[in-house]
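Written out below as structure tokens is the structure these notes cover.
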Amino acid sequence: MRASNHLIGLVNFLTFLLSIPILGGGIWLSSRANNTDCLKFLQWPIIVIGALVMVVSLAGFAGACYRNTFLMWLYLFVMFFVVAALVGFIIFAYAVTDKGSGRPVMNRAYLDYYLQDYSGWLEERVADNSYWVKIASCVRDSKACGAKFGRFVNGVPETADMFYNRRLNPIESGCCKPPTECGYTYVNETIWTAGGGLVGTNPDCTRWSNDQSQLCFGCDSCKAGVLGSLKKSWRKVSVINIVALILLVIFYVIGCAAFRNNRRIDNDEPSGEARMTKAQPSRIHF
């Protein structure tokens with residue numbers, strides 16, 4: 001087997017290894033979709049891309065090992081579209097999660113989340129009531145505001161000051177407590193009283209309920225919290241995908257060059273080596 005075939009085989013093997021973190025990122029998003037983020041369609045593009053990279057790289061590896069030109073052509077042809085799809089997914093992921101983040105709150109370690117800070121396709125989908133009913137049910141069933149949300153110190157529930165110094169994740173901040181501006185008084189992590197009266201004009205102030213099955217699952221802040229959680233998840237996976245994309249492009253270029261070299265050798269084409277011609281001795285005339 002020629003050295004270029006060994007190179008193509010190595011490139012395809014490395015591409016196969018690259019498919020593992022891509023596919024793993026999609027599976028991680030899927031687990032988040034089922035347990036926390038609760039949007040169950042966003043992970044499928046990356047899972048499909050990861051699976052395609054894995055299958056196509058195996059086809060290219062087999063083609064290099066058995067010198068099967070069709071499989072190597074198939075690898076190069078399909079991988080071009082896989083790379084294009086990965087580029088499109090990364091751009092899409094950054095575009096739909098570009099806007100929005102938590103707002104700092106005075107004397108609080110956690111951030112508050114507001115739906116108006118987000119915009120675009122993803123925000124419209126989450127805010128849509130037909131989708132939100134399912135998402136809110138998923139957040140409720142995930143027990144994000146359940147027993148694991150409460151904390152005890154030496155067997156005693158944490159105080160208000162302890163809670164205020166916690167770094168809550170977006171869903172805990174948006175769905176498990178009322179917005180800070182509403183002026184509720186802390187009793188425990190999921191029970192708050194109006195105290196001296198509401199001071200905020202935020203509609204979520206009247207949506208909050210101490211009913212543990214309701215809490216702020218109907219609040220705009222909860223929708224914003226879901227969007228904030230999605231943004232964090234997608235950005236983490238996008239970092240992996242960007243690194244994988246750069247390596248995929250490098251491997252693809254190397255694979256194209258090696259395959260072209262194979263074709264040139266198979267066709268007995270000159271590869272640019274220097275050719276020497278014997279000089280004819282000059283005749284001496286007397």
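From the backbone N, Cα and C atoms, a Cβ is placed for every residue, glycine too.
Remember, TrEMBL labels are computer predictions, not curated facts.
Residues or ranges marked as region 'Disordered' by TrEMBL: 267-286.
Sequence annotations record features per position, and here TrEMBL assigns transmembrane segment to 6-29 (among others).
Annotation comment: TrEMBL describes 41-64 (among others) as transmembrane segment.
Sequence annotations record features per position, and here TrEMBL assigns transmembrane segment to 70-96 (among others). The list of residues near the transmembrane segment (70-96) in space but at least 6 beyond its ends in sequence, with Cβ under 8 angstroms from a Cβ of it, reads 8, 12, 15, 22, 45-46, 49, 52-53, 56-57, 59-60, 62-64, 120-122, 234-235, 237-238, 241-242, 244-245, 248-249, 252, 255-256, 259, 262.
Annotated transmembrane segment per TrEMBL: 239-260 (among others), in sequence order.
Counting same-chain residues at least six beyond the ends of the transmembrane segment (239-260), those with a Cβ under 8 angstroms from any Cβ of the stretch are 4-5, 7-8, 11-12, 14-15, 18, 21-22, 25, 46, 53, 60, 72, 75-76, 79-80, 82-83, 86-87, 89-90, 93.
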